[in-house]
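If you look up TrEMBL, you'll see 7-25 marked as transmembrane segment. What TrEMBL records for Pro85, Thr86, Tyr87, Asp116, Arg159, Arg164, Asp192, Asp193, Asp194, His306, Thr307, Arg308 is UDP-alpha-D-glucuronate binding site. Annotated Mn(2+) binding site per TrEMBL: Asp194, in sequence order. Summarising the annotation, TrEMBL assigns site 'Interaction with galactose moiety of substrate glycoprotein' to Glu225. Annotation source TrEMBL lists active site, proton donor/acceptor at Glu279. Residues or ranges marked as N-linked glycosylation site by TrEMBL: Asn298.
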Amino acid sequence: MKLKLKTVFVLYFMVSLMGLIYALMQLGQHCDCAEHDLPKDRAISRLQEELYRLQGQIRQLEKAKQPEKKQPPKSSLSTIFVITPTYARLVQKAELTRLSQTFLHVPQLHWILVEDSPRKTPLVSNFLMKCGLTYTHLNVPTAKERKLQEGDPSWLKPRGVEQRNEGLRWLREDRKTEPGDDGQQGVVYFADDDNTYSLQLFEEMRSTQRVSIWPVGLVGGMKFESPVVEGGKVVRFHTGWRPSRPFPMDMAGFAVSLRLVLANPDACFDGEAPMGFLESSLLKGLVTVDELEPKADNCTKVLVWHTRTEKPKMKREEALQVQGLGSDPAVEV
């Protein structure tokens with residue numbers, strides 16, 4: 001039975017008043033009989049219990065009358081959409097594990113992982129289900145004529161072209177279904193699975209309006225490559241190879257606003273671009289050098305490194321396999 005708040009207050013007042021009158025009446029009476037004290041103590045105890053009970057009911061009614069707390073507002077942070085091409089190799093899971101551990105520390109990040117494969121592989125599918133990130137899993141194979149052959153140097157042909165373009169295609173399709181202006185808020189970054197990233201880098205890129213840029217360490221045979229900034233504008237590029245390229249920078253050295261990507265549906269990476277021009281093939285359709293937004297303290301800090309994992313040597317493994325003693329293939333590495 002529910003009690004109205006007014007009724008509870010009246011009862012509370014009456015019981016309190018009765019207790020006070022009873023106490024005053026006892027003050028004038030003198031009695032040395034211990035047996036008379038017992039009923040008095042019991043009465044006081046009952047009154048206290050009743051007071052506690054009423055106080056509890058009052059607290060419950062006050063809580064019930066409190067307005068419901070409003071849901072916290074949707075995060076005001078722009079989402080960072082990270083497009084990562086990946087391909088099957090011995091170190092693939094190790095690389096993806098290391099990269100995902102970094103991404104877990106970045107709020108409001110959506111990982112778009114694109115396999116160079118005709119189908120989604122169990123290894124990557126299982127890995128993503130357990131990684132703890134918001135993700136989209138895609139796949140598209142590289143055309144045979146564009147694949148590097150065994151022994152080819154890594155710079156001979158551009159890698160990850162179809163995969164990055166597939167990530168852009170998915171973004172354009174997915175964002176169409178998002179109502180309102182919020183669906184176009186965000187930043188797009190192309191993160192290879194073997195690079196090393198500072199967490200600060202992601203906070204730097206989050207405010208990108210068109211295309212933001214920064215230095216990249218350990219790339220192009222140099223300690224770092226970087227835009228050179230004067231008066232807040234890029235005036236040239238510090239690079240050791242073909243500085244005359246439209247945008248002589250590494251894939252890890254820029255981010256693009258999602259709005260700009262959506263506004264230019266034909267902008268993509270050109271797989272036929274000459275060596276070193278892959279980044280320029282995308283950026284020249286989006287921005288001019290004068291519009292670039294320097295980050296990382298006017299491009300004076302290195303927050304990303306073009307690291308590469310050494311290819312494991314499997315000579316002993318191969319020798320054991322010949323003897324039928326190879327590692328258990330059921331153990332995923």
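Any Cβ shown, glycine's included, is placed from N, Cα and C.
Caution: TrEMBL annotation is automatic and unverified by curators.
Feature annotations (TrEMBL) mapped to structure.
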| residue | record | Cβ contacts under 8 Å, 6 or more apart |
| --- | --- | --- |
| Pro85 | UDP-alpha-D-glucuronate binding site | Val114, Asp116, Arg159, Gly160, Gln163, Arg164, Gly167, Asp192, Asp193 |
| Tyr87 | UDP-alpha-D-glucuronate binding site | Glu115, Asp116, Ser117 |
| Asp194 | UDP-alpha-D-glucuronate binding site | Glu95, Thr307, Arg308, Thr309 |
| Glu225 | site 'Interaction with galactose moiety of substrate glycoprotein' | Pro215, Val216, Val219, Phe237, His238, Thr239, Gly240, Pro248, Met249, Asp250, Gly253 |
| Glu279 | active site, proton donor/acceptor | Phe247, Met249, Asp250, Met251, Gly253, Phe254 |
| Asn298 | N-linked glycosylation site | Val229, Gly232 |
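Of the listed binding-site residues, namely Arg159, Thr307, the sparsest CB environment within 10 A is found at Thr307.
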